[in-house]
Amino acid sequence: MGSLKLTSIRKAFGTHEVLKGIDLEVADGEFVIFVGPSGCGKSTLLRVIAGLEDATSGSVQIDGDEVASVPPAKRGIAMVFQSYALYPHLTVKDNMGLGLKQAGAPKQEIETRVTEASRMLSLAPYLTRRPAELSGGQRQRVAIGRAIVREPKLFLFDEPLSNLDAALRVQTRLEIARLHRQLKATMIYVTHDQVEAMTLADKIVVLNAGAIEQIGSPMELYNRPANTFVAGFIGSPQMNFIEAERLGDTQAKTIGIRPEHIALSRESGDWEGKVVHAEHLGADTILYLETEATGLLTVRLFGEHRYGADDIVFATPDKSRLHRFDADDKAIAAS
Amino acid sequence: MAKARTSLVRSGLIHLALISYTLIALFPVFLTLINSFKSRNAIFRDPMAIPTPSTFDLVGYQTVLAQGDFFGYFQNSLIVTVLSIALVLLFGAMAAFALSEYRFRGNLLMGLYLALGIMIPIRLGTVAILQGMVAAGLVNTLTALVLVYTAQGLPLAIFILSEFMRNVSDDLKNAGRIDGLSEYAIFFRLVLPLVRPAMATVAVFTMIPIWNDLWFPLILAPGEETKTVTLGAQMFIGQFVTNWNAVLSALSLAILPVLVLYVIFSRQLIRGITSGAVK
């Protein structure tokens, strides 16, 4: 229970095409994350799956059944929204139970399921409160609880952590990961934050301008990005892109090297440069170098290093970690 | 008290301006009230004077209660006002919801068409309205007034409410859809409670012109059975002799119900004005 198949989904608002033919298969129990910059169509795609928007063309199948004419409530889905979207006039308990009540479930069953969900999310003390009396983190837990109570085939998350502060975000992220292991349910999650994507996903779908750029596990995307967009989007700080010509490579157009795959030395190395700015984060030291050979270069060193602005240093890339891209920005397979 | 952002002179001037506006606005009401308690001679001798034991007279109220069916007029006014407000709020909110929530061909044009009524006074169509009411056999019925006032109130109601409804979170409505609420349930149970302050604003703006209107009752429902308070008060104004005691008393009485309705709505209204300013 809980597989999803999208076939050439297109969606246009007037003449503006937001989704340009999306094909995707999600297996039962998978945690899939749609990631991409603002306006790439990831939220629209989620809404199409939920049935809140109609696709202009293409088909959505949940568990092998075509759902184009099935209303959202009957698709066996549950959705968690960025703004929590709790019903302001209902208590936490009624918020979580409303979906089942509308579906005509017996009172006893609603009670059991709400109790179970609130136990999982430690919401039991708040069941009689209204959303206005809860903190942001608690509200989001109620929203997640409302989804769990429905026991859906498919969980849909629309940027659920964006409204939370940094500490709470990490905590709620762990909670979602734990829930996924516990429920073994299929989850589809939309975010613009690549860290969330890397930490939670079994499979990441990178979207850009309404089309899929690459699908793969987090480490596949990190180690073998299919094009410059994915290479630049996944990983922080961003991958360095260097014109291949400057390095004497005539077959590729762009060479990419991640900041953490560059070694630094004061004495000797491939590229000589001057430190423009140094960020000391304790666990990491991030240096921005201006070099003759490559232009501006970001280097990430692990641990503390005593480099400062205006120091002259030498950078040496790890040759086995170079990414080469052709004129169409596609990755050239390592030979 | 914080002195950094307040100066005595400036706040004094602001208060002076507000107080003088309040006085100007309340003065006619005050004048009506004091004179309604005076004898006829005292009204003409010194209209500005406050009633004293020697000039105090309830003759105006006695006339009003004795002549004509003032209780009936009040009832008519209340029925017309309350029914019109209810219909304006119901249909206005429904139209506003449709305009703000659904994408359909002609949405923008429909919104502009409905807003046209704000700019064009309904009285321009009086002759056509009268002909229509005669044809429909609705002359001298309260139904005629309710219909006209509903039409009169709708444009502003739709305009204000659709702005407010655009601000209701889409996520909330979508959450309702996923939980299996019908569009009607979403409208009545999720959206309406959230725009309640705006509804109160619309109710007040709709109520006062209806209660005070003389034009349409005079034209569409001048019969004794369907007279409203404002029209009823006119019977004391004659071409040659005007019974001022009675007119002033009738008007004083007419203030009361509208004041009660205003107090009911104003609690919501204040929340509407301050919503967004304070969280």
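Counting begins at 1 with the first residue displayed.
Glycine is no exception: its Cβ is also placed from the backbone N, Cα and C atoms.
Quick caveat, the model's predicted, so the values are computed rather than measured.
According to TrEMBL, the protein has these features:
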type     : residues  : note
TRANSMEM : B:12-34   : transmembrane segment
DOMAIN   : B:74-265  : domain 'ABC transmembrane type-1'
TRANSMEM : B:78-99   : transmembrane segment
TRANSMEM : B:111-130 : transmembrane segment
TRANSMEM : B:142-165 : transmembrane segment
TRANSMEM : B:186-211 : transmembrane segment
TRANSMEM : B:244-265 : transmembrane segment
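Highlighted: of the candidate stretches B:12-34, B:78-99, B:111-130, B:186-211, B:186-211 has the greatest count of Cβ pairs under 8 Å to the transmembrane segment (B:244-265). With Cβ pairs under 8 Å as the measure, the transmembrane segment (B:111-130) is packed most heavily against B:142-165, out of B:12-34, B:142-165, B:186-211. Residues 77, 80-81, 84-85, 88-89, 92-94, 97, 149, 152-153, 156-157, 160-161, 164-165, 168, 172-173, 176-177, 229-230, 254, 257-258, 261-262, 265-269, 271-273, 275 of the same chain sit 6 or more residues outside the transmembrane segment (B:186-211) yet have a Cβ under 8 Å from a Cβ within it.
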